[in-house]
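**Q** There's a structure below that I have some questions on.
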Amino acid sequence: MTSIRIGNGYDIHQLVEGRPLILGGVQIEHSLGLKGHSDADVLTHAIMDALLGALSLGDIGHYFPPTDPKWAGADSLKLLEQVHQLILDRGWQIGNIDSVVVAERPKLKPHIEAMRDRISQVLNLSPELIGIKATTNEKLGPVGQEQGICSYAVALLTSDS
C-alpha cells in the first residue's frame, strides 16, 4: 500500500539594495535583492519547509539556523539537496511540488522555466513535477508595496514501505 504525506511551506524576505535577487536558484536582474543569512531564496526555502513539514521534521531553521555562521551566504539549492536526502533516507519520494512566488516586481514569468529546471535537477525529478507560478499582491501589504517577496509551496511525498 502506498502512503502519502502532504506538507506546506512559506517564506518571506525583505527587499534591500546591494543583494542579488535569487529565486529557485536563478539570479534575476533587479535593483533590489532579498535580505537574509543565506542567499534568501524564498522559493527554495518554501519548498524545503514543505518537504520537511510533510514528514513532521520541523523547518529549515532547525537544520540551517540563521545564527550559525557556517550557513552565511549559503546557496539554498545546496540546502535543498540536504533536505532531499533526509526525505530519501526515510524511504520517501517526492510525488510533486506546487508553488507560487508573490512579487510586484520584477516580472517573474520569463524566469519560471529556468527556476523549474534548476530545482528539478537538484531533486532529480522531471520538470513537469515542479509547479511554479508567479503573481502579484495587487499592491496590498508589504509585498504589494515592494518591501519584500514571499513564496508558498506544497509538496506531496509517497512511500511504498
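Using N, Cα and C of the backbone, Cβ positions are placed for all residues, glycine too.
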**Q** Need one residue: from H37, H45, H62, the one Swiss-Prot lists with D11, H13 for divalent metal cation.
**A** H45
**Q** Nearest of the recorded positions to I60 (4-CDP-2-C-methyl-D-erythritol 2-phosphate binding site) by CA-CA distance, picking from H37, H45, T136?
**A** H45
**Q** May I ask which of the recorded positions D11, H13, T136 is closest to H45 (divalent metal cation binding site) if we compare their C-alpha atoms?
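**A** In terms of Cα distance, H45 (divalent metal cation binding site) lies closest to D11.
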**Q** In whole Å, how far is H37 (site 'Transition state stabilizer') from N137 (4-CDP-2-C-methyl-D-erythritol 2-phosphate binding site) when you measure between their Cα atoms?
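**A** Pair distance, Cα basis, whole Å: 25 Å.
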**Q** Max Cα distance spanning D11, I12, H13, H37, S38, D59, I60, G61, T135, T136, N137, E138 (4-CDP-2-C-methyl-D-erythritol 2-phosphate binders), Å?
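**A** Of all Cα pairs among the recorded 4-CDP-2-C-methyl-D-erythritol 2-phosphate binders, the widest measures 30 Å.
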**Q** What Cα-Cα separation, expressed in whole Å, is found between T135 (4-CDP-2-C-methyl-D-erythritol 2-phosphate binding site) and H37 (site 'Transition state stabilizer')?
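**A** Their Cα atoms are separated by 25 Å.
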